[in-house]
Every structure is written in C-alpha cells, then in structure tokens.
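Taken verbatim from TrEMBL:
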- 1-21: signal peptide (SIGNAL)
- Y233: chloride binding site (BINDING)
- H385, H389, E415: Zn(2+) 2 binding site (BINDING)
- H385, H389, E415: Zn(2+) 1 binding site (BINDING)
- E386: active site, proton acceptor 2 (ACT_SITE)
- E386: active site, proton acceptor 1 (ACT_SITE)
- H516: active site, proton donor 1 (ACT_SITE)
- H516: active site, proton donor 2 (ACT_SITE)
Amino acid sequence: MKKYFLPTLTAAVLTACAPTAQTTTTAPATTAPEPAAQPVAPNWQQQADAFLKEYSTEYQRLYAQSSEAEWRSNTHIVAGDTANSGATARANERMAAFTGSAANIQRLRELLEHKQDLTELQVKQLQTALYNAANSPQTIADVVKRRIKAETQQTEKLYGFDYKYQGKSVTTNDLDELLRKEKNPLKRQQIWEASKAIGPTLKEGLLNLRDLRNQTVQALGYPDYFSYQASDYGMSREEMMTLVRKINEELRPLYRELHTYARYELAKKYGVKQVPDYLPASWLPNRWGQDWSAMVEVKGLNLDPVLAKKGAEWQVKQAERFYQSLGFPALPTSFYEKSSLYPLPKGATYKKNNHASAWHMDLNQDVRSLMSVEGNTEWYETTHHELGHIYYYLTYANPEVPVLLRQGANRGYHEAMGSLMGLAATQKPFLAGLGLVDAKSQTDQTQTLLKEALNYAVFIPFASGVMSEWENSFYADKLPADQLNARWWALAKQYQGIVPPTTRGEQYLDPATKTHINDDPAQYYDYALSYVILFQLHDHIAKKILKQDPHATNYYGSKEVGQFLADIMRPGASKDWRMVLKEKTGEDLSARAMVEYFEPLMAYLKQQNKGRKYTM
Ligand code: X8Z
Ligand code: ZN
C-alpha cells in the first residue's frame, strides 16, 4: 500500500477550466505628471502566492492530523472498537472539507484562468490542489462523508480479519511462508483457500466504495475513479490501458516460456503425472501468483538461512546502511521510535495492517514505515522497497519543493526507487561485498537470472494485466456484482495462465484478497510501470555509471549512484516525469531495458521447454 501520494492535475480538468489568456501589464515608468488614476491590473503571481501560502500551511496541518489518525487506525486494530475509526473519520472529514471546499475550488479555478501570468511552479501547485479537491468535493459533502466512513470500515475489516489454517489463527506472514515451503498439493490447496477466506467479508464494502469513489470524482468532471487516478500521470484511462497492454505484450514471449517451464517443473515437484494446461493457483509460492521466485533456489546464493540468522532488525539497519553508503543521510531517530516495523507479539490483543507501507506523516521530517519484517528474502527486498519511499520523502522535503509538490515525479517513480535498491541488494557482487555469500563460490548465472525473472517478469501480467484490467472493468465499466469473481479468473487465465484449484463462484471475492483493491484503488499499474522504470534506471546505472554488467553489479558505496538517484528524487513532482526520464536516461518510458536484461534467459528456457506443450 502506498500512503498519501498526492497527485497532480490532468489535462482533462485543465481544459474543463477553460483558461482564458490574460497578460499582466506592468505600468510603464512615466515622467509626465500622473494621469487620472487607471484601474490597476491585478498581479496574478502575487495573488497566487498569497493564496498558496495560506492554503499550503492549512493543508499541511490537516494532512498531519489525518496521517496521525490513519496511523493509529492501521497499527492498532481492535474488533468492535469505534474510538479509532471515529477519530480517523473526523480527521479525514476536516481534510476533505478544506481541500474540497467550494471557496477553494472557485479560487483555484479563478487563478488557473490566469495560467499564462503565473509561474510554472505556481500552476503545478494550483493544479495539484484542484486534483485533490476532486477527491472530496464539498458540493457533494454527504457522499464524501459516506466514502470516508466506508473506507475506514473497509480497512478495519481487511486488517482485522482472523485467518485460520487447520483450526488455528495464522498471520499472512505464516500463510506466505507455508505457500513457499509446503510440498503436499492437498495441503497447499487448503493454505491457498485459507488465504482467500477474507474475500466475501469485503464484498459489500467494496461495491459500496466503488459507487462512492466514482461519484466523488464525477462531481468535478471525471468520468470514473480509474480515469481520475490515471489523470495523475497526465493520461486518459484509455492511454493508460494502452500503455500497460503494450508493456504486457513486450514481456509476453518471456512469460510464455516461464509459464511452460513452471507447469512442467511444478508437476514434477508435486508428483503430478498429467501436466496441466494452466497453472493451479495453489501450486504457486505466492497468494496471487505475482512472484514465483521461491520456486528456484540458487546454490551458493540462498539468502534465507543467513537472513533468518541475522534477524529482522538487522535487515532494516542493513537497508539503511546501503542508502547511507550512497550518500543518503541516516534516518531520523523518530523513524525508529515511531515506526511499526515488526510483527505484533504473540497474544497481542490488537491487530495491525499486514501489508508494508511507508508514510510521510507531516510532509516534512516525520517519516514512518509500517511493516511486519521477518528474516527472509521477501522481507529483505520489501525493506529496501519501503526505505526507497522514505528516502524519496526526505529528499524532496526541502525548501525548494512546495508542500503540494512533495510527491514522486509520478507514482511509478516512487515505487521504482526502493524496488531498484531491492534488486541491487540481491546481486552477487553486492552480497559478496557484504559477506552474505562467498565471493569465491561458483554460482549458476542462468539459475540466478531465472530466479529474477520469476520475480520481476512474472509480476507484469499480474500487475498490468489482471489487476489493471479488473479495476478498469470494475470502476469504468461498472462490472456487475454477479460477475466480479468470474471476471477475475477469466483475466488470470488470459494473462497469467493461472486457474483456481476448484471452481470459484460469486460467493467468493478473490480480487478483494489483494489489499490494494480495497485501500489503494485503481492504481496498481503504478507497480508495472515501476518495474519498467527500475530496469531503465538500473541499466543506466550499471552501464554508464558503474561500468558493470547489469546482471552483476555492486552499488554499495557509490556516491555517484546516490547522486543520480537523489537528483531524480529532489525535485519531487515539480518536474515533468517524462522529462526526468529523458534527461536522466536518454530514453522514453519503455520495456526495452527489462526485456534486454532477461534476453540471455530465452535460449535456456526454449531449450528446457523443447518438446513441451505451450498453452498460452
Ligand atoms: O505493495 C507493495 C509495496 C508497498 S508500497 C510492498 N508492492 C506490491 C505488492 O506487494 O503487491 C511492492 C511490489 C508490488
Ligand atoms: Zn511501495
């Protein structure tokens, strides 16, 4: 889950505001006696400055209050307790009443009508404020209020759920570990089913939220909530879908090989004679089949034992050391004091959000992360991912960047930074430098690349296919309530080549088991884009800065790499994201680097798959 990435405005709304050109006229210096007083043209820049100053101060204050309440609601969930949800709803209502107020919207539009007279930075801020207003327009205050309440309730249901396996309460960490390790297919099916048991409890709330989310943004002229989120990139819904479909197409040949390989290898592993045409979801080492890397263990590079020994706290500290080695500062002490980094102690009387997130509490130095870190490879990567958000926050929280523009160049960049560091932190030269693996031991490069492909390439059809297509149908096409699960599994079959172990009718709601469907709605393509961007950045760093093979890098200690990343982070959203990429890598957004990275694997997979039946 991403927290509080406040987006920038779309072309759609800009046009709706119909800016009329008007140039500021400064009175020429006169020597002659003053003529009769002329009406003075307003100085729009001064007016915008005055407005933005006041607006930003109040915005930041309410934002911090809302974050604080949300933090409590996500770290201290008690069944039946209404104190937290009440406080959170009230804080969010205050925020909504301000950002969506009719007076503010009117003033923002008025100022934007004089766009030509304003600085670029002013225009960006005003557009952001108007974009935020569309998330809570007070012209429909009642809808906004109901939405806030429904969102708080959904969070409680989502993270208050008691998962049960073999009659005992288990955490999602437990379920994930079981799915990575269990070899008995029948047990695997039970574990997988246990992980889906939450779905039906979220159905009513999700359907209600769909309508409320659509209605809120429609009041300011967006056709639907998916379009609203896409507009944050300056793109229409159709443009975003075209982009993610293209990314999916480009990675499809590799995915097809991986899919064929996995069907045969897993059938062997589970002792199933008849290789299935589609992968049963319960065969895969991840609840949604979005990451299959646990399928492969590379001899000499298996991190799990050493990470288990080092422990969870070491992982967080180690990730921080990595960022520091690049020149980033130590984390503020408050990060360690106020974050919630580890699983709750056994027997705790409350629950917490079980999905990792990073929070910019006050849009300044109060940064926190909510995780349940355990000593294993998955959390090792996730820790690097979350610290990427944290360092992004800290880097753009500087006097040059106005509060309203303290966001990523786009949301995908925010996700890319830490994932990039996660990839870098698993490459052999880096691990050897750290003493986590033996530098002298021979390791199989093909197996290493295969394991990486099972993580990064396998993710694409899930993110840009299943998740994005489903949410597009859900919000924009108003997918009927009796087709939610059917659509999900049709997409899983089409894009991932995955089928459920048994028929999953509409009494289930499997998409809702993905936390983002509930609390990070209509934005999952961010992660698909982030993987594409991260390979572009990694390719540039490896080849141009470190002069190393992208498959075997060691970023550790490189101030130049740190500079490169900090330069992208520092301006936040005050620079156009397309220009940033072009300036920093010389390229437009493209899957080229990602495809190229995995290219050496294709020959191996084709060889392995010789004589096997392809079904996708
Ligand atoms: O949700 C996340 C992050 C939180 S911002 C841990 N990720 C996606 C997921 O878990 O589904 C990271 C990659 C994909
Ligand atoms: Zn993230």
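In case you wondered, yes, glycine gets a Cβ from its N, Cα and C as well.
Mapped onto this structure are the features recorded in TrEMBL.
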residue	record	DSSP (3 states)
Y233	chloride binding site	coil
H385	Zn(2+) 2 binding site	helix
E415	Zn(2+) 2 binding site	helix
H516	active site, proton donor 1	helix
Among Y233, E415, H516, which recorded positions lie by ligand 2, judged by Cβ under 6 Å to any atom?
E415
Filter the recorded positions Y233, E386, H516 down to those whose C-alpha lies within 10 angstroms of the C-alpha of E415 (Zn(2+) 2 binding site); answer none if the list is empty.
E386
Check the recorded positions H385, H516 for other C-beta atoms within 10 angstroms of each C-beta and report the one with the most.
H385
Cβ neighbour count within 10 Å of H389 (Zn(2+) 2 binding site):
24
Fill in the CA-CA distance, H389 (Zn(2+) 2 binding site) to the residue listed as 'active site, proton donor 1', as an integer in Å.
17
Where the residue listed as 'active site, proton acceptor 2' and the residue listed as 'active site, proton donor 1' are concerned, what is their Cα separation in Å, rounded?
16
Whole-number Å distance between the CA of H516 (active site, proton donor 1) and the CA of the residue listed as 'chloride binding site'?
19
Using the alpha carbons only, what distance in Å do you get between H385 (Zn(2+) 2 binding site) and the residue listed as 'chloride binding site' once rounded?
21
